Structures are given as structure tokens and as C-alpha cells.
Amino acid sequence: MAKGKFERTKPHVNVGTIGHVDHGKTTLTAAITTVLTQKFGGEAKAYDQIDAAPEEKARGITINTAHVEYETANRHYAHVDCPGHADYVKNMITGAAQMDGAILVCSAADGPMPQTREHILLARQVGVPYIIVFLNKCDMVDDAELLELVEMEVRELLSKYDFPGDETPIIKGSAKLALEGDKGELGEVAIMNLADALDTYIPTPERAVDGAFLMPVEDVFSISGRGTVVTGRVERGVVKVGEEIEIVGIKPTVKTTCTGVEMFRKLLDQGQAGDNVGILLRGTKREDVERGQVLAKPGSINPHTHFTAEVYVLSKDEGGRHTPFFNNYRPQFYFRTTDVTGSIELPKDKEMVMPGDNVSITVKLINPIAMEEGLRFAIREGGRTVGAGVVAKILE
């Protein structure tokens, strides 16, 4: 079957469902696609199609994730749903599916549960900027006061992790009723309310090309008579010939000028997000630039060595370590294109970290890396991946 052409007319937003096991994340995902495809076209996905999430690999880690898409009047959404709790942890930490916003599904019959809390914490740590709540299974709760109580608990939990609990949209409904075609307040109406909240509460994300220029250095060549060429894929922004750029990371930051941009052996006047380019630098020696540094718009990103991070440690079955690690463990941290050694400090109450755990850590690198909160990395030992992480907070 031919794939339908992707019409890029509406702005695109990435979202996903999070929340405790059996609170109805997958049922809600199916209900959203069912209701919205009837209204705005597209392809509905049944519960079992979503539940049989295919395996994918991100940073050497196998994750089960289901991807669905749907449209509202104003936007095109890509939505991820994970079958198991471990998949969520891995997904959010590796950034396999970057979310511009999350739909927290919480059963009105049960209230917030351990994974509800853990997913909110993870969302905070990995930088998911917005959360909308769908209070599910409201058809099973007759007591209005109980509903109010659950709503209050969820708001308090969000506020505890620095989300604006009081302003967060909370939609009451029943994914099951909506999926069965119920047109009432808790059925289809609730799904439309949710779609409306997605459209209005989650801002349209900045496109990569609109960000400040950043390109991780992959390779460096010296071309006689022309100077030094640095190759890589532009991560965000635009670089124009004649602009000043900084070389950041590993060594002290230096300023240089872009004197040429090449792509497929053709000269261009600029390179932009997504392009694989060679950038010619004026007056820069080949030994001044190395893999692992970045080229960036001056002042837009700084080098750091000390940060806190949320990490997932691979289990033995995933090819990770067979034994736990302890405080002051010194692996390599793979940022963008290179490894840097660093030491790990565990939280006070944590004596050791077992394969398969996720944990908050503090890291000190031996060399600075151009870094921002939300930057992903792999943890490696002698070239093999033993974990994945995301920078939560920069300390220095």
C-alpha cells in the first residue's frame, strides 16, 4: 500500500501519553485517533495495533514504542505510547521520542499511583515542558466529591515537581466510552476537549532552523590554500558565510569566522538545521578543532563539567553491566560525537545502582563539553554502552 503523502500544511507537535500502568494510556491513545479521524481525517488505530508496539533502538537501547498520528483543526500531532513502565523510563531518558508536551492519564477510580508520580518526576528531569491531564474512568466514579479530591491530588503532585498544577488543564472523561462511540460528556466530548487543550495549552515548538546555530564537530580536514574544514550535521539554526562562530568544548572557547559552506561538493551561502555540511574556518589551524567540540553562534552555548542527570542503566539482558556500580564510578560519557571521562556521585540514600535501574546522579567531567539542560548522552565502558542519560541541571 502506498503511504499517503505527508501534507506539511499544519504546524507539527510531538506528544505522548504517560501515567500509571492500567490507568488507560493505550485506550486513550486509541480513542483520540478514533474520534479525531472521524472529524479531521487520517487513519484510526485500534487498541491492539497500538498495544503491539514495535521495538526500536535508541542510543543502543531497545525500546518498545507505538507511534500514532492525528490531526486537529489547527495542527498535526505525532503521539507516542509505550506498553511498559521500563519503556517509558528508557524513552524519556534517551529522548527517542522527544515530547513537546505530555498527556498524563490518571484513573479517577484509583487516583495518583507510584508511576503517576515517577512519570511526572521524569518529565521534569528530562525537560518535557508541558503536561495536560486526562482524568480517565470517570464513568466508574459516581461521587462528585471524590472526583474533586482526585483532581486536587493530581494538581498538588504536579506543583510538587514544579509544573503549574493550578493552571494545568484537567479533562474528565472515559477513554473506553469514547472508543465505543459514546457521544456524551465523558465520551467524544471529552476527547474533543482534550484536543482543544492540546491545541491551546502546548505552544507550537520552535522549529530547529529557528534556533541558535549549533553543529557538533564530526571531522576536521586541512585543505591546502583554503584552510581548515569542519564537517558535521547542523543540529539547529543557520550559518551564513561571513558570520562569526565559536568553537566550544574540551578546550577554551575560541572565535572564528565561517568563510565557506559546502554540501555535496557544492558551495552554498548558508547551511541550515538538518544539512550535512563542511564549514571552512578562517585562520583556524587543524589542531585547534577536534571531534566532540561544537561550532555555535557566539554566546549561545557554554562549556560545562559539573551537572546533575537522570540516567537509565542497561540491564544485563540489554548488554549492560552484570554487576552494580557504586559512588565515584568513572565511566565515559558520550556527548554528541565523543567520549569524556567523568565520575559519578550517587544520591545520599543510594549505596549502589543495579543494572536496569534509573537514578538521579551528579557528574564531574575531566574536560568541559558544550552543554545545555536536556542534552542527551550515553554512558560507556570501553566502547560499549552501559547506560543512557539526560542533563537535568547544570551546576558549573
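Note: Cβ is positioned from N, Cα and C throughout, glycine not excepted.
Swiss-Prot tags one of the stretches 81-84, 225-228, 321-324, 381-384 as region 'G3', and that stretch is 81-84. For the region 'G3' (81-84), the residues of the chain that approach it from at least six positions outside its boundaries are 16-17, 21, 25-26, 29, 50-51, 53, 63-66, 68, 91, judged by C-beta separation under 8 angstroms. Put plainly, the binding-site residues LYS25, HIS85 were compared by Cβ crowding within 10 Å, and the winner is LYS25. The Cβ of THR26 (Mg(2+) binding site) lies under 8 Å from the Cβ of THR17, TYR47, ILE50, ASP51, ALA66, ASP81, PRO83, each of these being in the same chain and 6 or more residues away along the sequence. According to DSSP, CYS138 (GTP binding site) is assigned to a helical segment.
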